[in-house]
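Annotated in TrEMBL:
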- 343-357: compositional bias 'Polar residues' (COMPBIAS)
- 366-376: compositional bias 'Low complexity' (COMPBIAS)
- 389-399: compositional bias 'Acidic residues' (COMPBIAS)
- 334-399: region 'Disordered' (REGION)
- 1-25: signal peptide (SIGNAL)
- 296-321: transmembrane segment (TRANSMEM)
- 436-456: transmembrane segment (TRANSMEM)
- 490-508: transmembrane segment (TRANSMEM)
- 536-557: transmembrane segment (TRANSMEM)
- 563-582: transmembrane segment (TRANSMEM)
- 594-613: transmembrane segment (TRANSMEM)
- 619-641: transmembrane segment (TRANSMEM)
- 681-700: transmembrane segment (TRANSMEM)
- 706-727: transmembrane segment (TRANSMEM)
- 739-759: transmembrane segment (TRANSMEM)
- 790-809: transmembrane segment (TRANSMEM)
């Protein structure tokens, strides 16, 4: 029996109830004994003797009172546990001691000491205090006595305050939860929870004011919004989601750490699989801070759109200045051929690239002009007849009407000029490159629609289940809007779409001016400058816009399953840039759209396989490295021989083998010291060394982020080729005009700044959600955007400037005849 208790408010009522029950013939053990808060009650129960305690307290008007019950039993008999039932005015809470938690492989964790917070009483509208009663029933079905201890206390710090840190301790059998009420002027708050220790793994949950409160490991996910946690967690809560303008913050400690990235318990059978009273106490600190106001959303949107609208304004200014200069040149009669003038300059090839004694097929400037005559004017269409008629068809690489020997002779000369590789009918070549544009639109539509549907499903699942472990946000800077959990990560991608559209407008303007020039004068008989084919530029603009769309889709719910959405069009952008750079001086032998997009599809497929199998499977890295090296060698061979490399011979397999050995001996072994095409050989040697280094690195270290690994391969190859192109351009006595020079400098500066923010890792789907949250950081721009959002802004600008470099790099050659422009 419990001892005497000091009278408490309402205790007289309990005493009267107890005395009346005894007077009526009842047993004291079956009727409520008055209890006192803060006093430890010790007793024993069995199948024929149970105990009931009544605790009364007075609740002040407008006050929320919370009560916590501590129980303990020394019994380890799982067959006859001690049952505790707490009855309140509007609910019942029960548990047993020993309290059992289940983990992996049927492992059980038993605790003999349990404490629970009872669902608090709601504040009454009455103006005077009200009495509250709590009954605690203690029972057991054991045929023998089982001892227990009971302690009931009132919580003094149950309600959390804004901007005030609160420290407490929790364990698996002693969860905690607290109440928070929205202040009048606050519509959104961020719950920030920190701990010095990563383990034990814990769960932070936000639940509505509903009883019972789900505060155990097996039921905490049944209600509200929740996150797993090691050292840090953050949940943004909006007033509109809680009609009562208040909520519970629940803290649960898990019995095992595997959910947070800790060690996985081994599968052990028998009694060893049972653990008693495992010490898993965690010190936590919770701080609730007001989130941003609606005005910050408006400022962020204005900032995003105005920042990129300034690029439109700059483009208009540049176009106006260019128009003024054209008008002045027109009045002075010094226009370029495209604008009706006939001024000619020359760009000289590098004589040092011709090895002594290797002058087979070499030509001087006069012979180059003679070679140019092979492109007979009679075969060319009249000016302005750039039609897309479907009667012309083309193969993947060539549609030259000359015989095969003519192409071999032209393309194997030591000195190649642009006129040698721009001999095809322009209608067919133009149609060939426009296929890039139409194909990428088709790909974008068929790729984007299921992606959008999938990420909407992801976001719906997050909102319905409340499981915030599905998506890897930067929770310290994740600002919701409507159904979206991180609107800032989506808004920051607007730059890709706006600048991609601006680039399309710039390309369209150039295309229109070129068409007008063709209508004014027969540019085919002039053959000045780089051939103007805009299909790849249009494809690049669409790819930039789609990168923004798909990056926004990925950031709706970033996770392991949809990371390829964010990288697929990055591969295509890098590939299209390399193709465009190669097409500039090799317009007749560039790959077709079908083969290019098929190659991109293979790369994306490898990226998906790498994400799935690339973590631990050595066989995948061996196969991928072999494919990488062989693809580099095959592409290098095609580039070195200008697409004319063939291993042909007799029909027998032995003849083909003999031919392959002969080609290897004559072209590799004999010419290793003095190759026929020195500049191309240097580029290809450096490129192969870089790609082989990537292959070896991947084989040895097996990076977990396989998608970024492949993207790094693409970017390094693109930068290497661009650097080679610019160096060779300067060595050929060509010059860089002010606009491309400005774009090159801007590209380098903006890319450097963008990469700095890119490597500020704020989350990582390669780890568990709890471990990823350890990397979360607060916003750094306008209180709305984080480091990754700044990366989005800067990378969009950097890609735009990179595209402008490719668009304007050879503007200085508009007054140079094609038979004077070297190929490299």
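Note that the numbers count up from 1, one per residue, in the order the chain is shown.
Note that Cβ sites are derived from N, Cα and C of the backbone, with glycine treated the same way.
Counted over residue pairs separated by six or more positions, the transmembrane segment (296-321) shares at least 3 Cβ pairs under 8 angstroms with the transmembrane segment (490-508), which defines the two as touching. Tertiary proximity for the transmembrane segment (706-727) is limited to same-chain residues at least six positions away from its ends with a CB under 8 Å from its CB atoms, namely 563-564, 567, 570-571, 574-575, 577-578, 581-582, 584, 603, 606-607, 610-611, 614, 628, 683, 686-687, 690-691, 694, 698, 736, 744, 805, 809, 824. Of the two recorded stretches, the transmembrane segment (563-582) does not lie close to the transmembrane segment (739-759), with fewer than three CB pairs under 8 Å once pairs fewer than 6 apart in sequence are set aside.
Outside the transmembrane segment (436-456) by six or more residues, the chain places 535-536, 538-539, 542-543, 546, 549-550, 553-554, 556-557, 562, 565, 568, 572, 576, 593-594, 596-597 with a CB less than 8 A from a CB of the stretch.
When Cβ distances are compared across the two stretches, the transmembrane segment (536-557) makes contact with the transmembrane segment (490-508), since 3 or more pairs at least 6 residues apart fall below 8 angstroms. Sequence-distant contacts of the transmembrane segment (619-641), counting only residues of its own chain at least 6 positions beyond either end whose CB sits under 8 Å from a CB of the stretch, comprise 411-412, 582, 606, 609-610, 613, 677, 680-681, 684, 687-688, 691-692, 694-696, 698-699, 702, 713.
Outside the transmembrane segment (594-613) by six or more residues, the chain places 396, 435-436, 439-440, 443, 560, 563-564, 567-568, 571-572, 575-576, 579, 620, 624, 627, 706-707, 709-710 with a CB less than 8 A from a CB of the stretch.
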